[in-house]
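For reference, the structure is listed below as structure tokens.
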Amino acid sequence: MKSYHSGCTLIGLPSNGRSSMLPWKTTMTSTLNSDNKPCGLVLAGGRSTRMGVDKAELVHPDGRTLAARCRDLLREAGCDRVVISLRHEQEIPAGLDGEEIVRDPEGSDGGPMAGILSGMRLSPSDDWLVVACDLPRLDVATLVNLVARKTPEEKFLAYRSEFDGLPEPLCALYSHTALPILEQAEADGFRHPRKILMHHGCRLLEPATPRALDNANTPEDWVNATAPDGGAVPEWRAGLHDIWISPGNDFRGRHERGRLEHGIQRLSVVECVAGMGLRGDRYFGYKPDFKGQVTFLSAEVVDAVRKHLSQPDLCSSVFRRNLIVSGVELGEWKDRRFSFQGVEFQGSEECKPCYWMDRVAGPGAEVFLSDHFRGGLRARILTDGILRCSE
């Protein structure tokens, strides 16, 4: 086993665990350091559960580990001081011997927020250019653009995500004036950097290099991101049998109150709007980063429910899912990007059935649909486009 020290400079927290705190919703002014150079921070402390191996030690096609590559990019972008953030108990990744290391407090499970705070507390008067290590397509132009575009009064500066249009908090500039904001958020139990940036109106830059911020969370992500062409987005070869939209919710939040009986409309064509949903549907523009901008349901599952309930004429509209598709295993697409009829989506989560299914379809429907994605796949819409029924 590697030593935690392994020739590295190891930095700890102040004895009180935090510096002075101000309310994290307070508006503050800032003055940049005279040399205008931020410190660099590589977040390499993730547990890499979905990847199955430590992402910091994955070897990029250029021969460097991901963490070492991010370190080098930060230096190329002008950061004289670069620090590597790790979990408290984590072994030092390969290729980082001799680097300055900062560790999360013992017992911490604060995710990226803990790493950002541990780094910024090393030098509270400096701005910090923060990057996650799992960005195999990151380039120096992306970092240089952030440094060049930051204004003295800004607490945060980030890129707009190409996936959902929201801030990318793990390739962003954090002003020294942001430290009290982050500390108070931590004290309040709020550990979501993206939401903090959104709350404070973080200015968002358009990506300097397309797909530079594509991250690699799974082995498939890694293959796609490091392919010579950057990895083509997989295309669904699926049929689209029904499109359903409704102006309002019949099920959400209506426990024991009866259905509102909002109408549901069958379409042959529907417009998909990135980050918003299906135009005309109840979830269109529902809230930022909503996981259920669209819901897919398997036509094979619909047929199976009909057989299970002995209702051969049961209409697929009763499930109030948007898109009834065939020829695709929905459970394989959670957390994955895919293209369907030229529109790109990101699978977000399983759509779990509720007791309403027993009422609208028949007793036993909820249990039957509870098995592995039978209830459907919820997804975010990444690009604009049109979907058309294939029959």
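All positions are counted from 1 along the displayed chain.
Backbone N, Cα and C define each Cβ position, glycine as well.
Secondary structure at Gly45 (GTP binding site), taken from DSSP and collapsed to helix, strand or coil, is coil. Other C-beta atoms found within 10 angstroms of the C-beta of Gly45 (GTP binding site) number 28, with every protein chain shown included. Per TrEMBL, the feature GTP binding site maps to Leu43, Ala44, Gly45, Asp104, Asp134.
Asp134 (GTP binding site) is surrounded by 25 other CB atoms, counting those within 10 A of its CB over all protein chains shown. Under the heading Mg(2+) binding site, TrEMBL lists Asp134.
Here TrEMBL flags 265-391 as domain 'MOSC'.
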- Query: For the domain 'MOSC' (265-391), DSSP counts of helix, strand and coil?
  - Reply: 28 helix, 40 strand, 59 coil
- Fewest C-beta neighbours within 10 angstroms among the binding-site residues Leu43, Ala44, Asp104 belongs to Asp104
- Mind computing the max CA-CA distance among Leu43, Ala44, Gly45, Asp104, Asp134, which the record assigns to GTP binding, rounded to whole Å? 18
